[in-house]
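Some notes on the structure that comes next.
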């Protein structure tokens, strides 16, 4: 039973003491990593907006924070994946992190599950796009997963469907309908994870009742929620934990923790 934890939208910057929206991005990301690793995940995923200022130093800061958290927690082997958001520089993200970890587009396998990490970054814009090349790559990976008898989680930054917030829906995934039409044709696809919206969100990919759409809170700051927070903590940082079962079902729960900041190292 692989365990997956999703974190999203840390918005790190080059300076360790740098603040974004009035908060210490690094300190709050360090706390999120500690919370995540306490749950002993097999897979740890960061779904975009990794580096707010898109600097080389910011991605080094991200890499060092993850390395330090793993060492401090004496964590068991965990596979890490990252995807680029609108506040990212995909080439720098890959250059700094890609030697050791999976950077979108990429594949992460755990037991009878396959995690497909996709980039929705579009240069110069806040909205996202998958594009024909990645859609073709996705279908190739899904065909292989079906052959291998694996269930599939797909992860990206931008929500592939409207979430019910007018301002957010204008900067969602421009080819989201095309992506979802493709994914719904593959019975093995059971979950689509995304960030960008800085809040908990949960839905289904109709008419598929077995295909969940899950939006993740930010580790930095929350936006006004569309849906009630099931934990009653809509304004706290958070993440999402998913236990991926052998029968293709998913047991997931929202994670929240205090916004109290640690001293940045």
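Cβ atoms here come from the backbone N, Cα and C positions, even for glycine.
Keep in mind it's a predicted model, so treat the numbers as computed, not measured.
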Next on the checklist: For the AMP site that Swiss-Prot describes with 11, 49, 86, 87, which of these is also annotated: 198, 200?
Outcome noted: 198
Checklist outcome for this item: Spatial neighbours of residue 87 (AMP binding site) among the binding-site residues 9, 11, 198, using Cα within 10 Å, are 9, 11
Checklist entry - So which one is it: of the binding-site residues 9, 49, which has the fewest other Cβ atoms within 10 Å? => result 49
Next on the checklist: Just to confirm: which same-chain residues, 6+ apart in sequence, have a Cβ under 8 Å from the Cβ of residue 196 (Fe cation 2 binding site)?
Outcome noted: 8, 9, 47, 48, 49, 85, 86, 128, 157, 158, 159, 168, 171, 172, 215
